Amino acid sequence: MALPSLGQDSWSLLRVFFFQLFLLPSLPPASGTGGQGPMPRVKYHAGDGHRALSFFQQKGLRDFDTLLLSDDGNTLYVGAREAVLALNIQNPGIPRLKNMIPWPASERKKTECAFKKKSNETQCFNFIRVLVSYNATHLYACGTFAFSPACTFIELQDSLLLPILIDKVMDGKGQSPFDPVHKHTAVLVDGMLYSGTMNNFLGSEPILMRTLGSQPVLKTDIFLRWLHADASFVAAIPSTQVVYFFFEETASEFDFFEELYISRVAQVCKNDVGGEKLLQKKWTTFLKAQLLCAQPGQLPFNIIRHAVLLPADSPSVSRIYAVFTSQWQVGGTRSSAVCAFSLTDIERVFKGKYKELNKETSRWTTYRGSEVSPRPGSCSMGPSSDKALTFMKDHFLMDEHVVGTPLLVKSGVEYTRLAVESARGLDGSSHVVMYLGTSTGSLHKAVVPQDSSAYLVEEIQLSPDSEPVRNLQLAPAQGAVFAGFSGGIWRVPRANCSVYESCVDCVLARDPHCAWDPESRLCSLLSGSTKPWKQDMERGNPEWVCTRGPMARSPRRQSPPQLIKEVLTVPNSILELPCPHLSALASYHWSHGRAKISEASATVYNGSLLLLPQDGVGGLYQCVATENGYSYPVVSYWVDSQDQPLALDPELAGVPRERVQVPLTRVGGGASMAAQRSYWPHFLIVTVLLAIVLLGVLTLLLASPLGALRARGKVQGCGMLPPREKAPLSRDQHLQPSKDHRTSASDVDADNNHLGAEVA
């Protein structure tokens, strides 16, 4: 960044002096975490050309909230406001619209919605909330339908959407929310739809419901209060015998001075058919337990935002990854966390003890009575007795909570959505890769090494308006992540390997999708070939892979420059040598020749080195980055003069050279004028101004003690006698004898003014 232009007189040097004296010490450090959790190594701002992105939008459409990937991975189905779209995502770049079918709310429903005091500009529409693949020929969709939920089947023909028939639209109550702002979830399992949403217009009746298929329709019982009235559902994940629902609600088992929100996981059995006499058309296998995501000794992250399942070869080792925030703000900022929960731990908790409500004390305690058979939530095939169902009605809350493993904790950010995949490195090890959408429209790519905490590879600002990410859909076959926003859909390639221009930078990135190809000398997407590519996911140290091996390893070794940029000095000017900060995790310093430039003596502005041409300033200047214990030159300059050229160091003879122009700032006249000019006036002016500054500082320091002394004097003067009257008011009045006046503390107001009240 170029400096402001300086004048042609002695004031030029004064401005340089004050620039160094006042501005440079106030600049923020180049890097550092500041206790906010892991920092993204690379950050891309909105519109940055170094990160290839593509954006799909359709005129007249808003709220691209619901995303569904086809079975072959080539089509992305999108549920927007009053429309369903089919996008072709086979080719890189902007997704291509295959076709679109409208599904607006009827005019009658919109009129009724407005009559109920809802906005006909933002609320009384059909927001698509459920979009699942029913079979090879049909999709199943549900929407808010102007606060009157509706569902329908959408026929497919060669992945194209056929128009919706009005007579095929069904009641969607219990499957889609009434209000578009209410959270919801739905999953299709074995032809049956399991949904969690709000079941009434007011949004005060949460429900878990099963519809479609051959099994009877089942739902939770609102009168038994299995769910709190403010329950908010975020995910539904099927397992072998059960379906898990993830949600948050106000806790009823804790006595707290304020409402405490708790994240939960609930289960229902797939083979549940309801009760015969008790709990007819109701779940008989409903259980719920608390989810705990917290660091030791810290407040828990108690509000769940999203959850996904990462399948494994064995279901017993599969894990659920969930995003949490906290209802408390520590340090005035929001925080987020990602925790992993084992399916084995969830199953163990649901096989443990129950809690029961003591009706006398209205407190939840551990149930210590005898077990009933069949055990509630056991998914037994036989019918349950009335005794077992009666027990189940009151014992639906588990005593133990499911403890998650914190993988990523970061303050100053609110994660809203999550997508997870497993990536295999060159060494064959598997690494969890998480894509995290934020409330400000950015996307974080995080990697979880084996038995370690996550680190952030990059941060990409998608939305220029900082609006939240509404949905994420991973498309592994296309190597991309799709992010839904109110105005459209962003396509984000899941890796950006080409931005790493050297083996050092490629290895330090520790991106499992990228590796260095020594033949093409490019950082490229990792393929299934067995080429001798370079990658170090475990250590991320270029000394092990970018050199000939561990024998060449040296703890103080610095790699040679790959390119030297030649710069010619100009008399009477300030030379600015820029240093691009490729990594936010590195620390940077400048060196001149083989010596490190002291930070105290160097003039560095925003990472750039400022040089005033004079004798001895020529030669090799390098901006050196140190990351993960490894130092490497980010940029190298050979500063030379036209009048007195320097000979290049023989060790740098084989390094390519390039003549470049760098920013210059004029500070004086010609060379001959500068040589004849005396700097005595400059010294006097600087000395006088510095004395004025010091005098002002001393005045400020002395002002506070003097003010305190004056205030003390006013307080001490409050006890003085008031002046006597010089003459009586009338002839009948006589002078009263003098009394000893004493003033109480209450006789002095906040401004040390005497109130005139006397105390005998």
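Every residue number used here counts from 1 along the chain in the order it is shown.
Each Cβ is built from the backbone N, Cα and C atoms, and glycine gets one as well.
What Swiss-Prot lists as domain 'Sema' is 36-494, and the listing cites sequence analysis.
Among the features that Swiss-Prot reports, disulfide bond is placed at CYS113-CYS124 (among others), with the record citing sequence analysis. Annotation for CYS113 (disulfide bond): same-chain Cβ neighbours under 8 Å, separated by at least 6 residues, are ALA105, ASN120, GLN123, CYS124, ALA146, PHE147, SER148.
What Swiss-Prot records for ASN120 (among others) is N-linked glycosylation site, and it gives sequence analysis as the kind of evidence. All chains included, 13 other C-beta atoms sit within 10 angstroms of the C-beta of ASN120 (N-linked glycosylation site).
Proximity of ASN135 (N-linked glycosylation site) to non-local residues of its own chain (separation of 6 or more, Cβ distance below 8 Å) is seen for GLY191, given in sequence order. Annotation comment: Swiss-Prot describes ASN135 (among others) as N-linked glycosylation site.
The disulfide bond annotation in Swiss-Prot covers CYS142-CYS151 (among others) and rests on sequence analysis. Following the DSSP three-state reduction, the secondary structure of CYS142 (disulfide bond) is strand.
For CYS379 (disulfide bond), the Cβ neighbour count at a 10 Å cut-off comes to 16, with all displayed protein chains included. Under the heading disulfide bond, Swiss-Prot lists CYS269-CYS379 (among others).
Residues or ranges marked as disulfide bond in Swiss-Prot (evidence: sequence analysis): CYS293-CYS339 (among others). Long-range neighbours of CYS293 (disulfide bond) (same chain, six or more residues apart, CB within less than 8 Å of its CB): SER263, PRO300, PHE301, ASN302, ILE304, ALA322, PHE324, ALA337, CYS339, GLY404, PRO406.
Summarising the annotation, Swiss-Prot assigns domain 'PSI' to 496-547.
The feature N-linked glycosylation site is assigned by Swiss-Prot to ASN496 (among others), with sequence analysis given as support. Using a 10 Å Cβ-Cβ cutoff, ASN496 (N-linked glycosylation site) registers 24 neighbours.
Under the DSSP three-state reduction, CYS514 (disulfide bond) is assigned to strand. Summarising the annotation, Swiss-Prot assigns disulfide bond to CYS497-CYS514 (among others).
What Swiss-Prot lists as disulfide bond is CYS506-CYS523 (among others), and the listing cites sequence analysis. All chains included, 26 other C-beta atoms sit within 10 angstroms of the C-beta of CYS523 (disulfide bond).
The domain 'Ig-like C2-type' annotation in Swiss-Prot covers 572-630.
Within 10 Å of the C-beta atom of CYS623 (disulfide bond) sit 22 other C-beta atoms, taking all shown protein chains into account. Residues annotated as disulfide bond in Swiss-Prot, with sequence analysis given as evidence: CYS579-CYS623 (among others).
The N-linked glycosylation site annotation in Swiss-Prot covers ASN606 (among others), and the record cites sequence analysis as its basis. Other C-beta atoms found within 10 angstroms of the C-beta of ASN606 (N-linked glycosylation site) number 13, with every protein chain shown included.
Feature annotation from Swiss-Prot assigns transmembrane segment to 683-703; the stated evidence is sequence analysis.
Taken from Swiss-Prot, the feature topological domain 'Cytoplasmic' covers 704-760, and the record attributes it to sequence analysis.
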Secondary structure of CYS113 (disulfide bond) (DSSP, helix/strand/coil): helix
Neighbour count (Cβ, 10 Å) for CYS514 (disulfide bond): 22
Minimum Cα separation from ASN606 (N-linked glycosylation site), reported as the residue among recorded positions CYS269, ASN496, CYS579, CYS623 that achieves it: CYS579
From CYS142, CYS151, CYS269, CYS379, CYS506, CYS523: disulfide-bonded residues whose CA lies within 10 A of CYS497 (disulfide bond): CYS506, CYS523
C-beta crowding around CYS506 (disulfide bond), within 10 angstroms: 28
Length of the line joining the Cα atoms of CYS506 (disulfide bond) and CYS379 (disulfide bond), in Å: 51
In the chain carrying CYS269 (disulfide bond), residues 6 or more apart in sequence that have Cβ under 8 angstroms from it: GLN241, VAL242, THR285, GLY377, CYS379
